[in-house]
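Asker: Got a structure for you, questions after.
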């Protein structure tokens, strides 16, 4: 009987799920591919269309909309003048021919959940609520990735971010201007917490038969952009011994990058996802090849060691192929802890809702990682079928999506209605 | 005294060299690159500009100009109604950021030499003379290479050739139409001989200190277009053991292609000059990778053997990387003999002019190879500095260029004025 004086906490109703389903379906339809995926690169026509639809939806639900200078879209729900904010979100951009859940789930889920919460408010909250769409999380069209969230926290300067160029030399600034999303500086937005819902994009929840993953920390990552320079020549008469083939150097490097993963086992993930070559003509020895290399590990010391040993290995490859190699860009993303109190809250609320949940690590970067340097942040995962992501067949069942919303709703309720209890 | 009754044979005069120098300089200036090279892809704006300038030059010199259905430009000098023709030429298209000698030398040299010969005619010739610019010899923008000359001889159907697409999906037909070089069928042009001047693009003349190379035969070539198909996935969380990385498969193949050359020594030249990947995004495991592979050898049996053994090797690579591999296109160009009488004539005339000359093989394909299946054909080389080609720094000294014209003039004189003696 002691709990009867506490008003019932808001919960997602079937109408709330339907509102989410409709918004998510709208997202899935803008930039959709024939195979059921999503192709919605940052500041493309599809991105503009989705942004327009999202802003309209926010206004219809009573959010006040602000677009900042890097194109981040904030949907602000001021509930208590002057109180700190709880921000929830993710990103609406996708990989080329990517999946429709990655990012879009987190933005539409946050928006629908906040709207549902506000509709059900029966007591005055202690926090304001906001949803955000971060610009260019994927890093597909513009590098580096996590652009919008990194500018928000100050980890990346606005000037640097706006000057990033795509493969055609278009700057992010020009691209945002062309779709009308070069906005204005955001007024101060003191954050009490940042919460992000995301699909796992890996196999662990499925393998462990869990419904909710609470990310407690992330792997570290070492990302390199490397260029080999050789000499253009005729692929016919030029003597093999005289060739300075930048594509051969790149190929040897790609093979060596994979060999590192094979050598170190499951603690290291490696890849080369992008390769640019010139002149890329069938009869011409390649003059220049640029590789985008990633090493990801839970073991920072291993990455530090690779930084040296793999540099040496690339020097050997350059020597072997009579090419020159240069490191154009290097980025080290340290292993990062998410906020422990928020993670505990997430696990407790999931359990309370009757869901099976587990703490886990994230290999991929997410906007929540950017935000975790700025304010207490939480990152929640729902299962990905076959762990497949950045793929048109990326899939998460509707029920799993709804469970994520339930946990988010419970956390928002705790944090906004009884913040001291939760924090 | 017995030779006094024979009129003096025409020779290149200093004015003739100057006329050639001017035309060649004009060619070098259209589509020129900052580094002194040439970027003049088939049916580009630069190609149109060069074609226009060339046609104008031909008309000013009294040639009648005909553009055929595949865009080949013929400059016809009818000297004896109904007599067979001697055709000389090469190609005006270049590789991306390629050299200004490759092809352009042969077209401008032939045009200037024929014009000089006709100006000096003191007796009625027995042959008509023509110069030709063959479309898309390089195969840089459209595959296969040697397009125009192969259509002329019937080795490639006009329909197939016009349907070739560039990387953006533009057909050769559309590209030719866009620059106004989709012409009309050429009236019958019975050929007595085809002669081509070209820079060597290899190191042998320089190494042997010879001024003129007479190509007696070509290497055989096996050209493959191969595609590996894997599965798009996230480069972060996707387990290494589950990845199906088409770029890794391509890299292993590039390394294996080079290993074949290393294994067989100088009788085999191998390369991968072009690689197309999708989606080519830093955070995405590559779904699809297409390679353009070349094996060239003087030893046809070796290429036949590689056809089998390397197919098996690619199957192993596909298995190792959990990808699928398909052979999209295969082209076998057999070893080919040039016309022996013409080669002997070339060597004799070079010697008569006081030039050091040698018979040699060509590794690269040339339009003269296409023509050799159709009529007696000769291919003459002048030295390439450092054997460098398909490179902006490709270079041949002016004196070497002029020596080539001298030999061509002597051959044309023999063939057109005293054809029976020469044939």
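Counting starts with 1 at the first residue shown.
Each residue, glycine too, has its Cβ placed from N, Cα and C.
Keep in mind that TrEMBL annotations are predicted by a computer and have not been checked by a curator.
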Asker: Given that TrEMBL annotates B:102, B:390 as Zn(2+) 2-binding, name the residue from B:69, B:138, B:414 that shares the site.
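Answerer: Matched candidate out of B:69, B:138, B:414, per TrEMBL for Zn(2+) 2 with B:102, B:390: B:138.
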Asker: What count of other C-beta atoms do you get within 10 angstroms of the C-beta of residue B:138 (Zn(2+) 2 binding site), across all chains shown?
Answerer: 26
Asker: From the centroid of the CB atoms of B:91, B:102, B:198, the recorded Zn(2+) 1 site, which same-chain residues not already listed sit within 8 A by their CB, in sequence order?
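Answerer: In sequence order, the nearby non-listed residues are B:90, B:101, B:103, B:104, B:105, B:106, B:137, B:199, B:366, B:367.
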Asker: What binding-site residues from B:91, B:138, B:198, B:390 have a chain A Cβ less than 8 Å from their own Cβ?
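Answerer: It is B:138, B:390, listed by sequence.
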Asker: Filter the binding-site residues B:91, B:102, B:198 down to those whose C-alpha lies within 10 angstroms of the C-alpha of residue B:390 (Zn(2+) 2 binding site); answer none if the list is empty.
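Answerer: B:102, listed in sequence order.
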Asker: Hey, what's the Cβ neighbour count for residue B:91 (Zn(2+) 1 binding site) at 10 Å?
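Answerer: A count of 28.
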Asker: May I ask which residues of the same chain, at least 6 positions away in sequence, place their Cβ under 8 angstroms from the Cβ of residue B:198 (Zn(2+) 1 binding site)?
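Answerer: Correct list: B:90, B:102, B:103, B:105, B:106, B:366, B:368, B:379, B:380, B:381, B:382.
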Asker: Could you work out which of the binding-site residues (B:102, B:390) has its C-beta surrounded by the smallest number of other C-beta atoms within 10 A?
Answerer: B:102
